[in-house]
Every structure is written in structure tokens, then in C-alpha cells.
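Going by Swiss-Prot, these are the annotated features:
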type	residues	note
TRANSMEM	5-25	transmembrane segment
TRANSMEM	27-47	transmembrane segment
TRANSMEM	90-110	transmembrane segment
TRANSMEM	127-147	transmembrane segment
TRANSMEM	148-168	transmembrane segment
TRANSMEM	198-218	transmembrane segment
TRANSMEM	219-239	transmembrane segment
TRANSMEM	259-279	transmembrane segment
Amino acid sequence: MGVRGFFAITRPANSVVAGLAAIVAYLIATGTLVYGVLLLMAVVLLVTAAGNVINDYFDAAIDTINRPDRPIPSGAVSRNAALAWAFSLFLLGLAVSVFTTPLCMGIALVNALLLVLYAARLKSTPFFGNAAVAFLSASIFLFGGAYAGWHALLDMLPIAAITFLAMLARELLKDAEDIEGDRAHGADTLAIRIGVRKTALIAFACTAFAIAASAVPYLWWGGWYLAGIAAVDLVILFAAGRSLGCTDPVSLKATGSTTLLKLGMFASLVVFTLSAVFL
């Protein structure tokens, strides 16, 4: 076992991006940046890294078949060492959160527990696993707002709701695209239980609610925001709409819906950030 294996199992690129997202979340919540956002970045980076490690710990048997190059099945990190490493990172992340705010500490603790629960149980639970991933993504915005206080946290609720619903839609469609592979490996997903068509319909409903929620920030950002987000909403609605009527994963993949949704979500982040800074 070497340092490289312990570094790789944290999926550093993924963890750093999550940490940077916390900085963006604070910027959206307040329109400004302070040195304290580096603490937010550190907490999210460490907790995300811990979540990645604990996920590999529980997926060790599956990765032996599907991803033998991952640190645990390749022998770079033992399973017991990975467990100890995961909880060390969790504890370090929670320790850093002590220097933020009580609200941030609470969110960090909830997310740490949810990451363990997701890896151990929820990942293989239809819909609830998807919802957990969506919540973890959306909670970064709550985390950024929480650092600025209750008022900023409440202002971020619509942004978090939009992110949760759009991410949930994408996660459901991704499962529908992977239905054959998941079925072959004995996985249990919502798409396997109800089929591609109904899954796409639920995903479309999620995006419709996300679009409805995207109108709320107009109350404090005004008309320029509404014009920008309306353009993005059209992309997201188009992306989800293309999936309607698909009855199999091949036709669903051909629509490019998940890719378009990802682009739409990134564009919405740009609109939120520009609105927070300039409006």
C-alpha cells in the first residue's frame, strides 16, 4: 500500500470540484466572497473524498469484476485501510466544520451520515438512491447559504430545490439508459421496476417542477435573471421532453437527454452566479 493509492481512492478531481462548488454556492448566496469560503471548500472536499472512499469500501466485491483497476481490487489499498481512511477524512472534515457556523456543521454531519448510508444501503434502493445523490448535490447550495446565516440559507432554498429536481431527473434517466447492464448485474433500479417510458415521465415531471421553482429568485434578482433562466429552462424542458415516448434504453440514449440536462444545469449555475454578482 502506497500514498498514491490512498490519494486515488478519494477521486481527487471529483472532490476538488465539489469543494469549488461550495465557494460558488456562497458567491450565489451573497454576491461576494470572503476568506472563510476556503473553510467551506475544505469541509466539502474532505467529506466528499470520504464519501468516495466509503463507496469504494462497500463496492469492493463488485469492483473486483467491473473495475479491477480501482485501488481496493488492485491491491493498492486494503479494504480495512480504506475504511479507516474514510472515517479519518470524515472526522477531519467535521472538525474543520467547527470553525464555520452551527448551521454548516449540521449540514456537514447530515451529509456525512447520508454518504455512509448511501454507500451501505441506499445505492441499491430504487429511487431513494437517486434522491440521495440529488440531495447531496443540492445541499452544497444550502451549505454556502448557511455560512452567511439563516436569511441566506432561506434564499438558497429555491436554488437547492431546482438542483435537486434537475439532478433527480438526470439520475433517473441515467438509470433508464443503463437498464440492461444493471439488470445483468442484478441491480434494482426504478427503471427496471417500472420501465423506461414511465421513468422518463417521472423525470419530465421533476424538470417541470424545477422550472417552476426557477421563477422564485425573480423576486430578488428581477427581470434580467428571469430572461436568462427562461432561456436555460427551455433547454432543460427540451432535454427532458426528448425522453418522452422512449420505450428502451437505446432510443433514450439516442436523444442525448442526459447530456443536454447536464449542459442545462451548468448554464443555470452560470445564470445564478451572474445574477448574484451583478443584479
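Glycine is no exception: its Cβ is also placed from the backbone N, Cα and C atoms.
Between the transmembrane segment (27-47) and the transmembrane segment (198-218) there are fewer than 3 Cβ pairs closer than 8 Å, counting only pairs 6 or more residues apart in sequence, which means the two stretches are not in contact. If one looks beyond the transmembrane segment (198-218) by at least 6 residues along the same chain, the residues whose Cβ comes under 8 Å of a Cβ in the stretch are 158-159, 161-162, 165-166, 168-170, 172-173, 175-176, 190-191, 225-226, 229, 232-233, 236-237, 239-241, 243-246, 252, 261, 268, 272, 275. Long-range neighbours of the transmembrane segment (5-25) within the same chain, counting only residues 6 or more positions beyond its ends whose Cβ lies under 8 Å from a Cβ of the stretch, are 33, 37, 40-46, 48-50, 52-53, 56, 70-72, 74, 76-77, 81-82, 85, 89, 140-141, 143-145, 156, 269, 273.
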